[in-house]
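As structure tokens, the structure follows; a few thoughts come after it.
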């Protein structure tokens with residue numbers, strides 16, 4: 001399976017540097033424009049997708065809907081297992097306030113999905129999608145820490161949650177097989 005993991009468009013929390021995790025915020029005006037820009041790009045350069053998927057959060061669904069207005073993908077699905085990291089008590093907090101906490105390897109606090117749990121969840125979800133969509137090309141709108149997880153699973157020496165930024169409305173292509181995840185390329189129009 002080839003999967004294009006797209007980070008949703010910008011929200012007001014993204015703009016303000018606030019952790020949103022499972023908080024269900026809509027796209028802001030800039031986010032809508034970012035997704036339209038990606039939709040135009042994909043329509044021109046990469047319009048052949050078999051499926052479009054998204055997490056149940058509003059910002060992912062809205063982004064997928066906008067992208068699909070350009071691509072007209074007939075088959076769509078919601079998939080909760082690639083939802084953003086559960087930041088628990090840190091949802092709604094300024095990113096700068098908790099950055100040092102997140103640098104601790106496998107930091108644990110009730111309600112917070114630590115790195116190991118997140119990586120395992122994303123790995124299992126990608127392999128599960130591959131079983132269902134083998135030999136298909138899937139466009140999937142998700143979240144920053146999900147995309148970072150996929151990158152870390154491919155190359156943990158190069159990527160980490162703290163040293164890599166995933167732009168809103170960027171797309172990361174991966175080749176998923178029965179037991180491997182390969183990073184192909186990224187497109188970041190920002």
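Here the Cβ of each residue, glycine as well, is placed from N, Cα and C on the backbone.
Sequence-distant contacts (6 or more apart, same chain, Cβ under 8 Å) of residue 59 (substrate binding site) comprise 8, 9, 11, 24, 25, 26, 27, 31. Per TrEMBL, substrate binding site is recorded for 7, 8, 9, 10, 11, 12, 13, 14, 59.
In the three-state DSSP assignment, the secondary structure recorded for residue 8 (active site, tele-phosphohistidine intermediate) is coil. What TrEMBL lists as active site, tele-phosphohistidine intermediate is 8.
Positions annotated as active site, proton donor/acceptor by TrEMBL: 84. Note: residue 84 (active site, proton donor/acceptor) has non-local neighbours 20, 21, 22, 55, 57, 142, 143, 144, 145, 146, i.e. same-chain residues 6+ apart with C-beta under 8 A of its own C-beta.
Cβ neighbours within 10 Å of residue 11 (substrate binding site), excluding its own Cβ and spanning all shown chains: 23.
Other C-beta atoms found within 10 angstroms of the C-beta of residue 7 (substrate binding site) number 29, with every protein chain shown included. Taking the Cβ of residue 13 (substrate binding site) as reference, residues of its chain lying under 8 Å away and at least six apart in sequence are, in sequence order, 19, 20, 23, 25. According to DSSP, residue 84 (active site, proton donor/acceptor) is assigned to coil rather than to any helix or strand. Those same-chain residues not listed among 7, 8, 9, 10, 11, 12, 13, 14, 59 yet with C-beta within 8 angstroms of the centroid of the substrate site C-beta atoms are 15, 20, 25, 27, 28, 31, 168.
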